[in-house]
Each structure stands twice: as structure tokens, then as C-alpha cells.
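> Sharing the features that TrEMBL gives for it:
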- B:135-339: domain 'ABC transmembrane type-1' (DOMAIN)
- B:25-44: transmembrane segment (TRANSMEM)
- B:50-70: transmembrane segment (TRANSMEM)
- B:82-104: transmembrane segment (TRANSMEM)
- B:131-161: transmembrane segment (TRANSMEM)
- B:173-198: transmembrane segment (TRANSMEM)
- B:204-223: transmembrane segment (TRANSMEM)
- B:255-276: transmembrane segment (TRANSMEM)
- B:320-339: transmembrane segment (TRANSMEM)
């Protein structure tokens, strides 16, 4: 602490060192300001802890309600597992679509396009991030869902032998696959932004060395850009996954209500944790609310783990690069 | 390029370069692909999207095949990947264009003066539906969120950069702020809901709850933006101020912050733009009301996103949903634009 400098030092065996460096000026204002900023930091810690504590306090009864509260399922596990399944499936579909697209777009912006194309292109992708999720949901229901029906029919007719594509195709197109596609569009900007950043930080010399050895442009990407950006690509995807897991409105609006139906992706009536909360909160019975909050706690922990892992990967690679 | 390269066979010289496709090759194949797509569309009567996909596939197959014959395997792969990479970009633009086009064409006919200045609470039989109440609610709740999160976010960033240089607490806060950016918005809503129902009893609904939920989402963005800006301030500036005997806090307030104020405002504006479109938390805690409510501390307060969600749930109000969506997108884009302009104007001069 800087404030202790003004006090006489306790006697030691060696003579007190003379203060060469200018003594920091510690006025009252300094201490107050420091405390303010420290308080703000602690408040953030508190807020995050508060999220956990309050969700736990209000959600704990939700783990052990009477069987009839859970509807068709008779226990909390039976209630949350189908929703968790829906959440994960929708997020994985989104990731499957968004990740290759995002890598491609990132390459276009960082390497392929000339500058006068790359700058507006980056802006356009950022524009996608500016669209509110409820508008994506609206678009998903009204525009995208009807267009998905022929695709679903195709998948069902020719790939119906794969269990996930079997069953009766929803004729409104409001299925978990459509929700996944909307989610993919929504997480595209964040994955692109991070991947682009990593790609453009590839050392110039590595790239030119590869080209000088006769590599084609694609070989240069494979030899220098991808190895350099690998951890960034992984963590960007995980951050996208975290987004997709927690996204509420798009899924809630696209899916018509219902419970999980045996991993048949083209049938109507799956749901995710977040969408389920948004569509059931109105019922406002004390018991159901606690169950919903408990499912929210499960979602919070899931996204926390995913995001923390992603950040850990980023941090590790940054440290490695700093030391290299 | 091809001018000074002797072609094999001309005047008996041997070419030293590998055979290449002419520069116009992608263009030629592209024209061919478009022609095929047009034929499929006009003659076979396929839907436009299907024909475009066929054209794209023709390009993706034809160019690498040609290249394979003339240039060899490696160049063929290169051309295929180049085409694929550009394809991803085009594919990603399709939903964006479709979305913007739909919102504008369906929303524009709905938006007019009545739509913006009346609420849904009808006082007469002839009153047209409007979203005034939702616009007011959005403004009040978002400003409330900004009032909570800007001081906390900026002060925390100052602690991280100026005081807590790499100590344990600062590292933990940085990590948690990063993780906090990933909190699902519905969880923020549940937190506000749990907090306010514990404090004020069940069934509590008010705008302030929405502000608290949104600020939970906004604080990490403000912290990150401010932190980045503060790190850009050169140490010379701080040391010059210390040399004049200025205490640290006065240095921060009078020297460091004014230098970065543009960046901080930009960050805050972007954060506002980000949370203004949030629906899920407000659905839980701020609720839905037809009447204009300007008191954030009591009663349900409608916001634009929640209103869109509510419009969407009934077939006869679907048009209104598009109108409200257009208004919301325009607000968000305007905020983004303002942020960029501020960023440009106040861009810190680091050129020394």
C-alpha cells in the first residue's frame, strides 16, 4: 500500500534505505478514487456471484418439486434432459453451418479480397451482429421456415433411412433445424470477427517464405495461416457455441411449442432451455417458476463452462505467443 | 504477365514457366456458369434459388477441372479453394440481404406518424395502433441500464489498467468479465427476476428490473472497450503529469480520461446498441403493457423487442411486428453509425 510509506518504518537491523524515487503523492482524493475503482471491480465479482446465488436460491426448490409440476416428465432430470438435448442439438447444427462459413469469410476479409472490398465486407458482417435477435426470429418464422420445407422433404425422401431425418416432416418448417440455421446466422459475426483477427496476425514473413518456396495461395494458407491461428479458430467456435446455447428469442419464435421427440430433427416440437423459459414464464405458478429458474441455472453453468474453456484456450495461446 | 512469356510452340522456344490458365479464365467460366443457370431457370423452369445453386456448382466444378487439365493438381486445388472461400462470403450475404429487404418492404408501409406517436392503449374506437409506449419503454430502460453500467464499467476498467497491474484480483476480474460477455441474456433476465422477487415479493414487474438485467450484459462490453482505450494512452503522458506533482487520481481524471473519452463513448454507444435489441430478459422482468408507462420503478413497461415478440404471436398483428422491427433496426444502426463517427472524431493520436 502506498499510504504506509508516510509512516516511519519499523526498526530493522540494516539502516533505513533512503528514498531515491519520488514519493507517490497520496492525498485523500487518491485513496477515495482508488477505493471507488476497486469497489467497481468487486461489484462485478459480486454481480457474477449474485447471479449464481440468486438463481440457486430461487431455483433450488425447482429440483425437487412434486411430480405433476414437471408435466409429462416426472422428475427434474426427466424435465431438463430433453430441453438440454434440444439446446445442444440446435447449437451444434448452428456451429456446423456457421464455422466453415465464418472461416471462409474471415479468409476473404484477411487475405483474399483487395482492401477496397475487404473493408465494406467486414462492415457487412458486423451489420449482421447489429440485427436484434427478435428480428432474426421474426425473419426465421415468416421467411426462412416456409423455404426450408422443400429442403426437409428432400432430406426426408432421400436420407430418411438415417434415423434423425425420418418421421413426418413438419409442414410449417418450424423445426429445430430451422432454429439451428437462424442461430448459425446469428453467431456468424462473432466467429468471423475473432477468426479474422487471428488470421490477419499471421507473421508476414512466414507467409512470404511459403510463397517463395513455390506454394500456391491455398498451400500457403494451410502451411502458415491455419497452424498459426488454430487455437484462435477453436476458441472462436467455442464462443460461438456459447452464444448459440444461450440464445433465446430466435429459437422460441421459430419452434412451435412442444417437448423433445426422439431425436427426429425434421419433426415439429422440440425446444431449448432458453426458449422454454421464455414461452412458459407467463404461467407464473410459484412451482413452475422455480423449475424454470433451475433449468436456467443448468444453462448458466453449461455456458459458463463453454466460455471459460474458450477463454482459457485463447489465454494459453496468447501466453505461448508472447513467450515465443 | 502473359505478354513476355513465350508460349510453347511459338518460334521453337521452350517455356520456362508452368502452363497457366489465361487471366480471364475465372471470368469466362463464371459467364458460362451464369448462362447455365439462366438456361435452367428459363427452360426447365426451376426456382431462381435452385438455378443459382446449379450455376454455382457448375463454376465450382468447371474451373478446377479446366485447371487440373492445364495447370496440374496443386493449382486445381488452389482454384477450388479460392472459389469455395468466395462462395462462403456470398452465401453469408444471402440471409443478410433477404432479412434487410424483408424488413424494409414489409415494415415501411406500416411506419407512419400515427404508428410512432400512438400507443396500443386505445382511447377511441378509431385510434390506429402505435408503438409509442414501446419506444418510450426502450429508451427509459436502456438509459437506466447505461446509468448503472457506465460508471461501474469505466471505474472497473480504470482499476484494471491503472491500479491493479497484473495482481491476482485484476486477473480474476479480467477473466470473469470475459466470461460475463457470454452470459445468456435469458439468464440475466432470470437473475433480475429472482433478485427483485426476493426483494419485493412475487409478481414484481418494473422497468428498473429490465435495466438491471441489461446492465449485467452491458458492463462487460463497457469494461473491455474502456480497458482497451486506456491501454492506448502513452505512459509519457501520465509521467509528464506526475512530474508536475499531480496526484494519481487527478492525472487519471484530467489527463488519461480526456485523452480516451472518444473511445469510451464509442464503446458505450456500441454497448447500448447491443443491449437495446435484447428481448428475453425484458420479457421476464419488464413485462408487456398497452399503456405508456414512464415510471421505471412501478408497473410493466413495454420495450420494442418485447412488443415485436408480442405482435408476432398473433396473425392479425404480424404487419405491425415488421413495422416495429424496422424502427428497432433503424435505431440500432443509427447508434452504430454514431459510435463510428464519434470514434473517428476523437480517435487518439498515437502517431508519435
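For all residues, glycine too, the Cβ spot is worked out from N, Cα and C.
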> Counting CB pairs under 8 Å, which listed stretch among B:50-70, B:131-161, B:204-223 touches the transmembrane segment (B:320-339) the most?
B:131-161
> Thinking of Cβ pairs under 8 Å, which stretch from B:25-44, B:50-70, B:82-104, B:255-276 has the most of them with the transmembrane segment (B:204-223)?
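Stretch with the highest Cβ contact count: B:255-276.
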> So which of B:25-44, B:50-70, B:131-161, B:255-276 has the most C-beta pairs under 8 Å when paired with the transmembrane segment (B:173-198)?
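By the under-8 Å Cβ criterion, the transmembrane segment (B:173-198) pairs most with B:131-161.
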> Using a Cβ-Cβ cut-off of under 8 Å, list the residues of the same chain that are 6+ residues beyond the ends of the transmembrane segment (B:131-161) and lie near it.
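Distant contacts of the transmembrane segment (B:131-161): 115-121, 170, 173-174, 177, 207-208, 210-212, 214-215, 218-224, 226-227, 230-231, 252, 264, 268, 271-272, 275-276, 282, 286, 289-294, 296, 301-307, 320, 323-324, 327-328, 331.
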